[in-house]
Ligand SMILES: O=C(O)CCC(=O)c1ccccc1C(=O)O
Ligand SMILES: [Mg+2]
């Protein structure tokens, strides 16, 4: 198993209610053809005996985002330990805890999933739909889609900036926009959202993501005032921990509610049973891998909650893998996957163009055929 650190800068800071993201640092994970052998990567040399000229047959990405995943140093330590284990990547995967180090597990699970899908000459979404669905006792899913609807992501900015970003996104073909809110007083967010609604008209789906910024009375007030704007949903109106408050809020309003951060603070079972959500944001990097994310999406769907697959502003390898997860979910709602444009640079060209508000799911094999060969 090979681990290569990387860092990519954002084109401009993504301001949310919690922070301003300016750069993403992570690790590429490569597994080789001989990684399945028990003797590879053994000893205390950190896997230095691997032939560095042999191309990786599977690639993964671990890009931690504190708040959603472990820290960068915890991710690095977990990956280093995983690459030293005597059992190779498959054994390492079994040892990685999706709750403790989800990004590290994501990196290894994705590399192994890519390798297995490439070996079987099928795309990662076909691999997920077949293997994960079967393991979750959900055989018989339809063929994965060859494209998925996506939302444009609009950061916190002035009403004018938000409106012109929204106009540009709609001109580019997006039919769904997600606007960050909660960093300012409610009146200012209302001005921004009204400016966006005016700019794009009534036919475009609008989402607002508060990233847990409001308290119970503030959220109640915000939803009452937002109701006339006909939002598709408000994401994480209350802090992650406050499932009870969110369930009560949802019962008191007609504005649909999505949960995101709450999935890191509560078990899937508790979130699904809480009655607090119409939609659930499913981030493969935060859930510990594309396999776990796909399973979570199917569970949510089974509980009548609409799964929305999103990135954590990942580099191209994890972003493309998330597109495959979305492609495997039948008739998936618009997803937050069109985040490549937020980066100033990337590890490789983007294999998923957005056409008419939909992202193409690569044919494979694996994540994107040979598009990432040589990166790790
Ligand atoms: O959903 C999207 O449109 C993009 C993803 C996104 O907003 C996001 C990206 C990184 C961390 C948190 C979030 C979030 O949804 O809150
Ligand atoms: Mg969110």
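Every residue gets a Cβ built from N, Cα and C, even glycine.
Positions annotated as region 'Disordered' by TrEMBL: 30-68 (among others).
The region 'Disordered' annotation in TrEMBL covers 135-163 (among others).
In the predicted model, the domain 'Mandelate racemase/muconate lactonizing enzyme C-terminal' (159-256) has a mean pLDDT of 97. What TrEMBL lists as domain 'Mandelate racemase/muconate lactonizing enzyme C-terminal' is 159-256.
In three-state terms derived from DSSP, residue 235 (Mg(2+) binding site) belongs to an extended strand segment. According to TrEMBL, the feature Mg(2+) binding site maps to 209, 235, 260.
The active site, proton acceptor annotation in TrEMBL covers 283. Residue 283 (active site, proton acceptor) has a Cβ environment of 27 other Cβ atoms inside 10 Å.
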Restricting to the chain of residue 260 (Mg(2+) binding site) and a gap of 6 or more, list residues whose Cβ falls under 8 Å of its Cβ, or answer none.
209, 211, 235, 236, 280, 281, 283, 310
Near the Mg(2+) site, what residues other than 209, 235, 260 in the same chain have a C-beta no further than 8 Å from the centroid of the listed C-beta atoms?
178, 207, 210, 211, 234, 236, 258, 259, 261, 281
Among the recorded positions 209, 260, 283, name every one whose Cβ is found under 6 angstroms from ligand 1, counting any of its atoms.
209, 260
Around the Cβ of residue 209 (Mg(2+) binding site), how many other Cβ atoms lie within 10 Å? Please give the count over every shown protein chain.
26
Listed recorded positions with Cβ under 6 Å from ligand 2, out of 209, 235, 260, 283:
209, 235, 260
Would you count the other C-beta atoms found within 10 angstroms of the C-beta of residue 235 (Mg(2+) binding site) for me?
29
